[in-house]
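> In case it's useful when we look at the structure, here is the feature table from TrEMBL:
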| type | residues | note |
| --- | --- | --- |
| ACT_SITE | His250 | active site, nucleophile |
| BINDING | Trp149, Glu159, Asp178, Lys180, 241-252 | substrate binding site |
Amino acid sequence: MSRIELLEDFKFSCLLNSDTQTKTIAVLGTIKQDRAIIVIEKTPFNVDLFTKDGGGGSSSSNDDNPISILLKDLREINSNDVYTWAKATLKQNLSDLPGAKFNLIYPATETHIEKYTSQKLHYVRETSEMYYKYVVPYIETMKGDRMQWVYNILFHEKEKETVIYHDKSENGFVLLPDMKWDGVNLQNMYLCCIVNRRDIASIRDLKGEHTNYLKRIREKIEQVTKTNYGLTRDKIRIFVHYQPSYYHFHLHVVNVEHPGLGNGINIGKAIFLDDVIDNLRLNEHYYQEKTIGYILGESHALWKTDGYRNLVLNTRH
């Protein structure tokens, strides 16, 4: 049975989240007694319809009117002077005009569920003392089998059909499309760069000695994205997350025109790779010493740690 066919056995439990900005919903259910998460996202419009050849050189009578290809069942809501607004349904087909893409996470762990659940957020100022006392022990619990899917990509050629670049040397990395991207709409390009090294869990592990290593990664990413997608260095964002969703060092590579990144690009989450490199030039122990501010949800396991949470709530800035 293919992974997609598993959906036939999906039993709905609850809605985890609905995001009107990114046009996504996340639902929790079960498949054969194990928990599963399905994330459904409305797809971008096919802009090829608005090129002169209609994206395929069709000789249809609607060649000069791509709107008629996209919309049907129009119903006016109201109008005023030059403005009219109406409802419509979209014409769809799986190859050129898919209505949605979905991601299946199965079996889903408690960490997955926490990540996709709507939750209250808090601003955290994590001192180096907080990091070593609370975050390092937490990171240790997130290693081992929880990282197996990462090692499958790096060392066992999982997802090899989608890999864009893979340097298998000790200081190399793999670059592949993130599951957030449909692989088609260039404006929404979202790639993930996962390093081969296992000794860097997050930016907290980076030191001055890693500066040239990071610069080489940046240079190669810029070369590959230009060769494969025609995007020059001024057209991409390369950044890290803190806290990351998993503790094996990785980078996010995204088209600067991407319209819907949600919290993933917000201050308090994303840090440009350029800034990381510059900070390490200024102080080789910058990320071991710095108090780092970030946003954390109440469903995160760190927030559920009493000592950590109490420090956040009771420490003055």
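Each residue, glycine too, has its Cβ placed from N, Cα and C.
Note that TrEMBL annotation is computational and uncurated.
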> Quick one: pull the CA-CA distance for Trp149 (substrate binding site) versus His250 (active site, nucleophile), whole Å only.
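Answer for this pair: 14 Å between alpha carbons.
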> Quick one: Cα separation, Gln243 (substrate binding site) versus His250 (active site, nucleophile), in Å?
12
> Give the residue from the binding-site residues Gln243, Ser245 that has the most other Cβ atoms within 10 Å of its Cβ, counting over every protein chain displayed.
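It comes out as Gln243.
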> Which has the fewest other Cβ atoms within 10 Å: Trp149, Tyr247, the binding-site residues listed?
Trp149
> Measuring Cα to Cα, how many angstrom lie between His241 (substrate binding site) and His250 (active site, nucleophile)?
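A Cα-Cα distance of 9 Å.
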> Can you tell me whether DSSP puts His250 (active site, nucleophile) in helix, strand or coil?
strand
> Between Asp178 (substrate binding site) and His250 (active site, nucleophile), what is the CA-CA distance rounded to a whole number of Å?
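Cα to Cα, Asp178 (substrate binding site) and His250 (active site, nucleophile) are separated by 12 Å.
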